[in-house]
Ligand SMILES: Nc1nc2c(ncn2[C@@H]2O[C@H](COP(=O)(O)OP(=O)(O)OP(=O)(O)O)[C@@H](O)[C@H]2O)c(=O)[nH]1
Ligand SMILES: [Mg+2]
């Protein structure tokens, strides 16, 4: 297989690209001939080409070698060969940032830019501006001004574009060239006029009034260049957006008037600008859509493409505005350009009625094999959107998707289809079995490990709960026989779930497991052995903890704790409760299908935000005895925006303590703050133990201080508390320019907003993929139930949202989604309470006058149950 | 080289190419001197301080000169050495009215003479004691004393007083250089 690829590569490479196997060192060696006299222009040209090729391939040149090559190249200015000289300009531009002392060519370039050879002048200006810095710019200012108004268009354009680049670096110098740019803006040459307008705009873009004056002037006087018109339209629509100007603004009138311009380019730009305006109503859209409609029947493919692509976008926000074009779009369905046809169909799918879906899907299947993967993904996305809009159509879609799944296609395409099928399954329970069947068929011949494992995971989760789970076993076991290690391991895990859920399947699953225990791969064998032993116990609680719901700890945290444990061996067994929990649980939310560019390789497990905090806090001696970090909250702002000091707080919860981390920024450039700490007054029996001050807080450099608080031990139900906070510090006034502080300072304080600690700060979210198994596992020893009336809540959705955010627990089984038109709903929540006890909540909601809620709480610790019920009440 | 060029060379029609480095402190008049030596239709009207270097060409009766006119400003002087290797002759220009910086000029000259790419080569050096028209200009003899030119033993050298604005004294120097190069070659 690998050999075959190699050969192909060679065949493709030979002859087509003479530079393919260039060696940097060999090329640099060759560059020595630049030093020879007389100069051989042809050979030198060839070597310069190689150097530029290498640079553009991303080859790294060290400073010394680059400088050496650059200086050798400067000698080529002796030659009067035109091609060679222009190649030198290119080389200068490419090497401007990697070689030292590039200013050595300043005089030579200045001479060329003011010389008699017009072919040298433009490129010399561009090269010169690349190597010039602000101090040097003054020296060539005179020449730049002359060049801007030069009568040779290429010279003038080069000078204008180079000036535009230099605005970023030397705004103040370039600003002095406005008069020259004005003059160039009235040039007869369309490019010069366009470039001049660009420069004028960039010089003024931060001054709204000046931009608006400029627009006013040019829209009145009119321009020759269609490019300049397009630019004016963009400037005008940006200004409209910034000033939130309405459709009665003269700027809008201008854009609308451009719909009647004689250049198609300008007409399209104006239509596109109108279509993209926020809060655009049908009345303003109509004329823009009608010019796009005209373009749909243009003989130019580019125009048809632009029009249908823009209409496709409009269709998302204003489907009704596009319906007028349906006839024209229908004609494009059979366009010989498949990109146009695809966009036309996907647009129609968005605007068309439910009845037209079948016809369109048929049309698109006739050529789906001819379009590129990229457009196929567009089709899949349209289908996905359609499924949400017309759930009743899911069987048509499912059929279509399964056909697509059988076609050839790359990973991104296949992934889009699989994701789309999975989301249909999740939204439409009645489509579950068909969907799973298609996916089973797909994994029978699937070369993408990532997709195969993903589907196996889904089969393990959903399969056992279908009416006839046995039919999936064959597909899963085939994987164990046929596939790579990763897929085999995933298949073993899926099998185990069938055995755990379905007693009648258990014997056969055990037999299959036995076979897996003979696998050649360690991981597969380990998994099989583990599941075998758990399954043989036939205990619901074990199944729930080890097969359905897995580990909920942070993997990097587990790794670290285990490492620590091996460093300090002890008699006590390793305690899983000391391992921090995973913070970002794998949400059951379906992932957006859109991001095609997301990394293709499975990502390396990056440390989470909490792992980072854990490490930072552990480095502070005062906090070393607190044990593992249990939870870190999102930052809470304790100051208004744009105050003298900006302070936000992150609440870190430990088993018996809380650490409040205050991130402070001093926004006064005439003050240096020292020994900064935040004093906290608790409303409850919380005890402030210690302050760790930020030693110094210079202007605009953020720093952190900490306050350590002990949680009340005798009253475990005291989980909420309000703290009044004040920042205390020593101020030293200082010189705003140098930052040099006065010798002595004075104490001061700054009152912050109150900080709340709530029950959510004591609970960490944990996802239980199989909630009912977990519910059984915890058992009803400490179950408590209570009923509440939520009078002020109007909808079930709102109630669900409120409970989740109040308790800070993880919704399971997608129960955070309330189906439409239902009067009752059950919400399942899971979490771990500070100290390491699982806590589960089942809330039955009923909508009548307001919402009635029956809450059932289970945990292995009675206190935890009480805390939850007390805080809800 | 094409056949015709070679033929021209044999017949003495084609002039030999020589690379010359033009060195000296800033404001000494290097660019002005080279400008004067160019054919009058190619001369520049206004002369500005050089940044980096410029390549200029001019011809004498039997040679075709390619001059690397270097910038004399302090921060560019250490870039001169990049071009030492190909120089077949050196023109070193001194502002003879700038007594204050004569020591600086001497220092730069000594560094040049001790550079490995120059030290062991019998490379002719032409000195122009420029700006002789100014009232307080030193004579060429005085300049050569201040620069200790008599210590240069292993290289042919020559000093002329010059005025680059009027073009005086330049021809004499260039004639000397041409003779030197011709004797070196044969
Ligand atoms: N009076 C007088 N002025 C001269 C003479 N030669 C040059 N100048 C003036 O001296 C100034 C500097 O001359 P440049 O030729 O630019 O000097 P340079 O050595 O090339 O200077 P850099 O390029 O900065 O190293 C100009 O204003 C010239 O007009 C001369 O012989 N007499
Ligand atoms: Mg000069």
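Cβ coordinates are placed from backbone N, Cα and C, and glycine is handled just like the others.
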Same-site residue for GTP (record: TrEMBL; known: B:24, B:25, B:26, B:27, B:28, B:29, B:30, B:31, B:130, B:131, B:132, B:133; options: B:72, B:74, B:87): B:72
Taking residues B:24, B:25, B:26, B:27, B:28, B:29, B:30, B:31, B:72, B:130, B:131, B:132, B:133, which bind GTP in the record, the widest Cα spacing (Å, whole number): 21
Residues from B:28, B:30, B:31, B:50, B:72, B:131 facing chain A - binding-site residues, CB under 8 A: B:50
Sequence-distant neighbours of residue B:30 (GTP binding site) in its chain (C-beta under 8 A, six or more apart): B:22, B:23, B:24, B:50, B:69, B:70, B:72, B:91, B:93
Integer Å distance between the CA atoms belonging to residue B:31 (Mg(2+) binding site) and residue B:131 (GTP binding site): 13
For residue B:31 (Mg(2+) binding site): intrachain residues, at least 6 apart, with Cβ closer than 8 Å: B:47, B:50, B:54, B:69
Where residue B:24 (GTP binding site) falls in three-state DSSP terms: strand
Residues among the binding-site residues B:26, B:28, B:30, B:31, B:50, B:131 that border ligand 2 - Cβ under 6 angstroms, in sequence order: B:30, B:31, B:50
Assigned element (helix, strand, coil) containing residue B:72 (GTP binding site), judged by DSSP: coil
Fewest-neighbour residue among binding-site residues, criterion Cβ within 10 Å, set B:28, B:50: B:50
